[in-house]
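A.B. asks: Next up is a structure, given as structure tokens.
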Amino acid sequence: MAETDEWSANATESLNISLIAPATGATKTIASFNPKFTYSIFGDDERIFGYKDLRIDLRYRTFDMRPNVKVSYGKKFQSVGETEAADVNATLKEHLPLVAFESAREFNTGAQSQPDGWTPPGAFHSSYEGHDGTYEVWKGSLADPAVRQIVTRVEALIPMFIEGGSYISRETNNEEDPWKVPEDANRWTVFFLYRKQTSPEASGRPSYTFVGYATVYRFFCFRPLTPPSSEWDLPKEEFNLLEELPCRSRLSQFLILPPFQGKGIGARLYKTIFEHYYNNPQTLELTVEDPNEAFDDMRDLADLTFLRSLPEFSSHRPSQPPSGTVPKDLVDQELLKNLRQKTKIVERQFKRLIEMQTMSQLPASVKVGFGEEQKAKPTKEEKHHYHLWQLFVKQRLYRQNADVLGQLDQSERSEKLNEALGSVELEYARLLDWHARWEEHAAAASAAAAESGGSKRKSADDAEDQGASKKPRVEDA
């Protein structure tokens with residue numbers, strides 16, 4: 001057992017991921033980091049047998065994310081019977097395209113400069129100014145070979161940083177050709193986020209650095225039948241039926257590379273995607289596939305900010321009947337139903353946002369808070385309003401867990417509901433506190449930008465020439 005441990009390496013610590021950018025006649029490493037998870041690649045125990053001082057270098061070119069793998073070690077286990085060292089390259093070939101296993105010399109040569117006129121694949125969508133460059137969002141279909149090439153290269157990172165993350169650019173269940181293009185590739189929309197900088201080393205030409213990406217899948221919906229228009233004619237221009245059918249859009253993959261995390265960049269990308277589908281008449285609802293806690297927090301803050309920008313949401317106040325009476329509805333259900341359909345937020349998420357908003361409107365004397373802040377003693381009326389809000393949240397919690405709660409006796413059911421309510425209150429208090437601090441920071445940043453003359457934002461019209469007319473070169477893999 002001791003000898004086995006001696007030859008067993010921690011896969012997560014052994015795998016080093018680097019971003020390689022062009023420099024004058026050379027390359028430079030702008031960031032290095034380890035994955036969070038490797039169990040989907042090297043097994044549940046995340047161990048690699050057969051090596052001492054194992055190091056796996058996975059390098060990416062910053063502009064087109066072409067990968068390169070190099071495996072090195074101090075000693076390798078000599079096979080004894082059927083016991084042999086793991087074939088690291090063979091394992092990685094199931095997750096990375098073959099171009100990743102070409103020579104390091106070829107990779108280094110290609111990484112020394114970004115091709116003239118190179119732009120990310122797809123069409124330019126939008127941009128915003130950051131403190132370290134311009135951040136651009138490019139949008140394309142997975143059916144586009146140039147778009148799929150980059151997705152194929154980077155999505156090995158998905159299960160390394162998103163627990164339970166899976167691939168979309170290939171048919172992994174197809175044993176004969178696992179790299180085959182999926183038949184539903186045209187239902188996938190990909191949003192790439194790049195940082196664009198102008199470097200004196202590149203004679204003023206823009207250089208691109210891949211920051212992250214997200215993918216969205218379209219599920220077609222059937223609306224109630226309506227009589228056809230008597231004036232309907234066949235379209236004379238090019239017509240894409242898939243783009244015109246009503247659908248539910250599901251945000252599937254969402255990845256910001258570790259060097260760019262914690263800077264609000266992910267929230268910017270989510271906001272861009274949300275606004276795109278909010279303004280898309282064919283999309284009836286935008287959902288999210290299995291979000292983790294960090295994404296849920298970001299989504300809550302972004303969605304709440306968006307809803308508060310709508311007058312019909314921000315001006316809405318819960319019913320405040322006199323003490324001793326309970327209204328049929330704490331909020332205007334018809335108004336909120338119409339608002340949910342308008343904003344295309346999935347029902348469960350929308351209800352949570354309503355609960356957060358109504359909690360923020362409670363008197364300070366009854367709000368859950370953090371720290372040792374002094375509170376005024378609540379009045380009888382304030383206690384009543386707080387009790388109504390609690391009943392409002394309990395209604396959702398009960399409906400959501402009716403099958404389980406229905407099997408409990410009344411006292412135990414009441415206890416479980418109160419426990420769940422307490423957790424919800426603390427979660428909302430944390431998010432609302434975070435949101436308030438975020439708004440203060442945003443206001444301060446806006447004031448600073450105004451004093452310095454304001455930041456420049458490039459519109460899609462300004463960058464029309466950057467669109468799909470410039471086709472990125474598609475390599476062999």
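Glycine residues also receive a Cβ, built from the backbone N, Cα and C atoms like all the rest.
When I checked TrEMBL for this same protein, it listed these features:
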| type | residues | note |
| --- | --- | --- |
| ACT_SITE | Glu289 | active site, proton donor/acceptor |
| BINDING | Phe254, Leu255, Ile256, Asn292 | acetyl-CoA binding site |
| REGION | 443-477 | region 'Disordered' |
| SITE | Trp188 | site 'Interaction with histone H4 N-terminus' |
A.B. asks: When you measure from the Cβ of Ile256 (acetyl-CoA binding site), how many other Cβ atoms are you left with inside 10 Å?
C.D. replies: 22
A.B. asks: With Cβ-Cβ distance below 8 Å and at least 6 positions apart along the chain, what are the contacts of Trp188 (site 'Interaction with histone H4 N-terminus')? List them in sequence order.
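C.D. replies: Sequence-distant Cβ neighbours: Ser141, Leu142, Ala143, Ile168, Pro182, Thr215, Val216, Tyr217, Arg218.
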A.B. asks: With H, G and I counted as helix, E and B as strand and the rest as coil, say where DSSP puts Phe254 (acetyl-CoA binding site).
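C.D. replies: For Phe254 (acetyl-CoA binding site) - judged by DSSP and reduced to three states - the answer is strand.
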A.B. asks: Give me the long-range Cβ neighbours of Phe254 (acetyl-CoA binding site): same chain, 6+ apart, Cβ under 8 Å, in sequence order.
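C.D. replies: Spatial neighbours, sequence-distant, of Phe254 (acetyl-CoA binding site): Ile162, Gly212, Ala214, Thr215, Gly266, Leu269, Tyr270, Phe295.
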A.B. asks: Taking only the residues the record lists as binding acetyl-CoA, namely Phe254, Leu255, Ile256, Asn292, what is the largest Cα to Cα distance between any two of them, in Å to the nearest whole number?
C.D. replies: 14
A.B. asks: Going along the chain, which residues six or more apart from Leu255 (acetyl-CoA binding site) have their CB under 8 A from its CB?
C.D. replies: Val154, Leu157, Ile158, Phe161, Ile162, Gly212, Tyr213, Ala214
A.B. asks: Measuring Cα to Cα, how far is Ile256 (acetyl-CoA binding site) from the residue listed as 'active site, proton donor/acceptor' in Å?
C.D. replies: 16
A.B. asks: Across all chains shown, how many C-beta atoms besides its own are within 10 angstroms of the C-beta of Asn292 (acetyl-CoA binding site)?
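C.D. replies: If we count other Cβ atoms within 10 Å of Asn292 (acetyl-CoA binding site), we arrive at 13.
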A.B. asks: Which residues, sitting 6 or more apart from Glu289 (active site, proton donor/acceptor) on the same chain, put a CB under 8 Å from its CB?
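C.D. replies: Arg250, Leu251, Ser252 - these are the non-local Cβ neighbours of Glu289 (active site, proton donor/acceptor), listed in sequence order.
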A.B. asks: Give the sequence-ordered set of same-chain residues, not counting Phe254, Leu255, Ile256, Asn292, with Cβ within 8 Å of the centre of the Cβ atoms defining the acetyl-CoA site.
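C.D. replies: Apart from the listed residues, the neighbours are Phe161, Ile162, Gly212, Ala214, Gln253, Gly266, Ala294, Phe295.
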